[in-house]
Amino acid sequence: MGKDLFRYKGMKRILTLITCLTLIQTAAIIMQAEWLSEAVTGLFNGKGITSLLPVIGFFLIAFIARHGMTVARQKIVYQYAARTGADLRKSFLDQLFRLGPRFAKKEGTGQMVTLAMEGISQFRRYLELFLPKMVSMAIVPAAVVIYVFFQDRTSAIILVAAMPILIIFMILLGLVAQRKADRQWKSYQRLSNHFVDSLRGLETLRFLGLSKSHSKNIFYVSERYRKATMSTLRVAFLSSFALDFFTMLSVATVAVFLGLRLIDGDILLGPALTALILAPEYFLPVREVGNDYHATLNGQEAGKTIQEILSQPGFKEETPLQLEAWSDQDELKLSGVSVGRSVSDIHLSFKGKKKIGIIGASGAGKSTLIDILGGFLEPDGGMIEVNGTSRSHLQDGSWQKNLLYIPQHPYIFDDTLGNNIRFYHPSASAEDTTRAAASAGLTELVNNLPDGLEGRIGEGGRALSGGQAQRVALARAFLGNRPILLLDEPTAHLDIETEYEIKETMLDLFEDKLVFLATHRLHWMLDMDEIIVLDGGRVAEIGTHNELLEKNGVYTKLVKAQLGERA
């Protein structure tokens, strides 16, 4: 049994309870065999059915007790697995939020979604199957063979000799099955990530005319998963056949030896019949574990992966900031901040409320800097100061409550338009929601929906264009009205006409706020109070649009390159 299971809350208590129920069940199995043997022997010796009614009654009581314990164990384990699965999902999601979007992006969004949904369900199934059957395998065979030893030593010796052979064979097949299952799980993760990436990029693929050719890639990834699954199933069927074959062979061997000694008069019918009835019970727990082993492999892998994520070190513990709403007197400083090769030796200072543009070529470190400012990423080195308080990162409740993050692809929930807008402020009134929608330019969409703000959008309702989705994100920002805005390429996926349509709305939103806008589109820089130019992960230049043009440096090269592309 994996030691990792003992880290789950209540595991020791549930194992103790299962062990007690299994001991009662084992006693019922043995007495069931004893009383059945006694009844059959009595009938064989010519006793009347009436005289055997007490024995038959005891047999029925043992039979009911045995299966009653099975039902009780299943119910207890099911409830425990459901509770553990719910707690594990909560811990997993909390850890993902602590680690931030950067971690989810690195590991693959598809894999994280799969683990949170199917992975935890598979782990629950693993607990339901593994716990009671492993306890049974530890108790039932030992108790049965000891009882058989006092009935017939020869049968007990045969059973003891057969068990190691069966277990060794099961281990060998299990190792093969484990490799197959690992390959299948990796293929499944790859399929999940590929599916999510394909959905995200479907519009781009269609625009480029590559959607049909991409279907070949989808078929290839799906086919690899199918082959991995079928390969695992072949091993599962083979191991089930092998377990059944060796079990039947062992029981047949016991039966042959008992039959020969019955003929010779070396053993009485009662003990022989008891030993024969108990022989299949001796192997049954091992067979059940072997048959269900393959069904639990994905659950084991999912549990292992989830525990690896849960054990990921979080952000360094820091003294919480006592930051109220960001004001003109507040100040943020970054001194020598570095993150791997993405950004290095960043020195920046921001005070009060102003619009700050962050530009640079692809890979210059714009998104990394935004992640640092949002508290999504812990720098490898350097120091951050908020109003004179030094910190190693910005993952802090009071800081992040001041933030509102608008990504490149805002998520639209399968819900009403109003609830989507109220994402950051669920208790907002209908009047405030309507005002935010109007400020974001969503009045036409509200009027076109049959139920207005209560009309459904997203997967289960009306689909939105890229511009409309971005306006929903802006409406959230208007309603949330937080003093610090982080925008990471918010218009990169929009055509230039749509971008200019929502630009005025965004500029209205930027007023009286500290804004960090990372973008490739340089026309935004004309409206920025300060521009940070990144080059190779370092701050190359800082200034206004006109000041940077006069320097004729990196910024000027970016402007000329973009003008050249347009020309």
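Just so it is clear, glycine is given a Cβ too, placed from its N, Cα and C backbone atoms.
Residues or ranges marked as transmembrane segment by Swiss-Prot: 14-34, 44-64, 130-150, 156-176, 240-260, 266-286. According to Swiss-Prot, the feature domain 'ABC transmembrane type-1' maps to 17-298, an assignment based on sequence analysis. Annotation source Swiss-Prot lists domain 'ABC transporter' at 321-561. Sequence annotations record features per position, and here Swiss-Prot assigns ATP binding site to Gly360, Ala361, Ser362, Gly363, Ala364, Gly365, Lys366, Ser367 based on sequence analysis.
The transmembrane segment (130-150) is not in contact with the transmembrane segment (44-64), judged by fewer than 3 CB-CB distances under 8 Å for residue pairs 6 or more apart in sequence.
Within the chain carrying the transmembrane segment (156-176), a Cβ under 8 angstroms from the stretch's Cβ atoms is held by residues 141, 144-145, 148-149, 235, 238-239, 242-243, 246-247, 250, 253-254, 257, 275, 279, 282-283, 286, 289-290, 293, all 6 or more beyond its ends. Cβ neighbours of Gly365 (ATP binding site) (same chain, under 8 Å, six or more residues apart in sequence): Ser342, Val343, Leu534, Gly536, Gly537, Arg538. For the recorded site, Gly363 (ATP binding site), the DSSP three-state label reads coil.
Residues near Gly363 (ATP binding site) in space but far in sequence (CB under 8 A, at least 6 apart, same chain): none are found.
Around Ala364 (ATP binding site), the same-chain residues six or more apart in sequence whose CB sits under 8 Å from its CB are Leu534, Asp535, Gly536, Gly537, listed in sequence order. Long-range Cβ proximity for Ser367 (ATP binding site), meaning a same-chain Cβ under 8 A and a gap of 6 or more residues, is found for Asp488, Glu489, Ala518. Long-range Cβ neighbours of Ser362 (ATP binding site) (same chain, at least 6 residues apart, Cβ-Cβ under 8 Å): His520. Residue environment of Lys366 (ATP binding site) contains 25 other Cβ atoms, counted within 10 Å of its Cβ in all protein chains. Here the Cβ of Gly360 (ATP binding site) has 24 other Cβ atoms within 10 Å, regardless of which shown protein chain they belong to. Taken together, the residues in the domain 'ABC transporter' (321-561) have a mean pLDDT of 88 on the 0 to 100 scale.
Annotation for Ala361 (ATP binding site): spatial neighbours Asp535, Leu558, criterion Cβ-Cβ under 8 Å with sequence separation of six or more. Listed in sequence order, the residues Leu534 complete the 8 Å Cβ shell around the ATP site centroid, once Gly360, Ala361, Ser362, Gly363, Ala364, Gly365, Lys366, Ser367 themselves are left out.
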